[in-house]
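Notes for the one structure printed next.
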């Protein structure tokens, strides 16, 4: 007996990019086996771009350059063995590599007001959906921005760009083979904003005036080169140029002043793109030689619904004569006009301002008066509301000395419990020696600072320290602590103790808690600071530091919590260590939008829907389409792994009701469904009524049939429809017959044939593997016959 042949190695399914080589191979147990290859059930004898190879026991099918026509199910048979595998030809969206490198490595730079056009040509199997995103939100058409797309290109056009258009953009190209994301950067340059104000009067005397300002908040994308300073005398219309300063200097002194004359000043910033708008000062008076100087800004003592009590201190420069009193002025916050509170100087350094409007915010300033006249007014006070007092914030919590050495003491504390919405605006730190009753202010800190270091102390000195919370409507009760400078303890520089438990990339499902612990060491006590994307953490986040470990906790993760988190260790001496990690929040998708139904081809329905909102951040999102044929029937899957927003159902039975449902899916699960409410029905066609036209007896125009447009080969996906068409001429009008593999299709209900004035179409409804083969159309009349053939290849739906 002849020994049987066995498979030592079976065929394996292959996924290959379009244009790349592909290979199927199997190994048999006998060398004398002559194998035969089949594709989709048909025996292969020859095929463009395909080579059959046999080396010993190994049989190979080699495709030099994979195309759509090569996709399908292949079978090898030889002797007693049989093995099958599929080749899937993938054609995801692609962009030219050189163009892609240029787009992603170099930012696009434009000047404000210019039109910007970002164009990205692409290739890949259609349809390809293109979306432009900025700050994770998809861009749509508006008065300035337009997004265009063709079959081979997508374009973002901005008609008149501005600084707000700066930022990171993302282009997302998606088809049924995959997703391509391209990150771009747009930089818009412009003239700078006006310098930040207000203009402060550093010094004003009979001889000179010194003003000060802050750099502009936005330099226009180009560094500020210099500042231009101008002056206008009160009562005149013309501005006089005083000079300019380099970008590193934000003060200017002019000696071109006249005694007791008032001026306005303005400052402009200059960069390579132009000159900014001007920042203008209020009225500034050059004081006389004997006039007093400006006092410090007044302090708010108390407030009620129609009164505010203020106090102030005498100026350091009193002039050549004794101060006789003070002139007090007020203004509503946000206005520029100062109104007198009193007509005559106030002798006391405290005043209760009455007849104020309830709920309005006021600012105050004072000017000293002596025999020479009224001096320079003070800077404005802090703004205060005319309203009844509310509860102040409570005491700070857990005030303690975290460390000390021979010349310094470091304090730390926690925020107080805020009462009645009186938010903490900052903290005031004071100290006094053990044997003194006078408190000295050391620091005024912003609300986010809960530690400070007092330096320059004497070794062994005993002190009392206190911290007061400053609220928007009053100050809290101070909390005291005893401290002293002692011998310096050996310190350990702060550093992280990173091990395998600390991850640099975390993926958390939305709604689950986020808990991250970062171990570290350092002494004296290390100051820990948390940031998200370079900014303070959201108010929902809770952080704690205990036993050499810093912890971040969010009770329920949200999509907006995704980003880069950084933790910074500081020792108060300038040494800092930073560790960063990525946090990605994901969730089951949001449901798709509304569903629309259309009958584009007879006896079919095309289902389209608005994309799920989750497409903006979910890269692996796809859709499933289901249908049922009654309101209480079971749902059946029509299509899965759909990466666009369209699906065509071909096996529609006229006269039957259909309901459709679309579900968005990702790796975590499925969304709530979006469903049609009204049933879809294709009405049965009524009998056609035709009018027989009278024959025209004229010139003999008889011609044999001829194909004006022949049939073309097609490659389609299983389950979709195939539309084959051609154009035929001839007289009398030829009769049309369709054949598949020499079989007449005239009476086959699975095929829909039309002939509209010589344009002949064949629609294959719900393509299956059995529909693959050679199709022929025959045109005949009394003058003769003509034929046209084409091949239909079927690709499996993966």
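The backbone N, Cα and C atoms fix where each Cβ goes, and this holds for glycine too.
The stretch that TrEMBL tags with region 'Disordered', taken from the ranges 372-403, 404-435, 436-467, is 372-403. For the region 'Disordered' (372-403), same-chain residues at least 6 beyond its ends with a Cβ under 8 Å from one of its own Cβ atoms are 200-201, 204, 260, 284-285, 287-300, 302-308, 310, 312, 315, 317, 319-321, 327, 329, 331, 333, 338, 356-366, 409-420, 422-424, 427, 450-451, 467-469, 471, 473-479, 481, 483, 489, 523-525, 572. By the Cβ criterion (distance under 8 Å, sequence gap of 6 or more), the domain 'Ig-like' (705-788) is not counted as touching the domain 'Ig-like' (494-580), fewer than 3 such pairs being found. Residues of the domain 'Fibronectin type-III' (194-289) grouped by DSSP class, helix first, strand second and coil last, total 0 helix, 50 strand, 46 coil. Sorting the domain 'Fibronectin type-III' (395-491) by DSSP state (H, G, I as helix; E, B as strand; all else coil) yields 0 helix, 53 strand, 44 coil.
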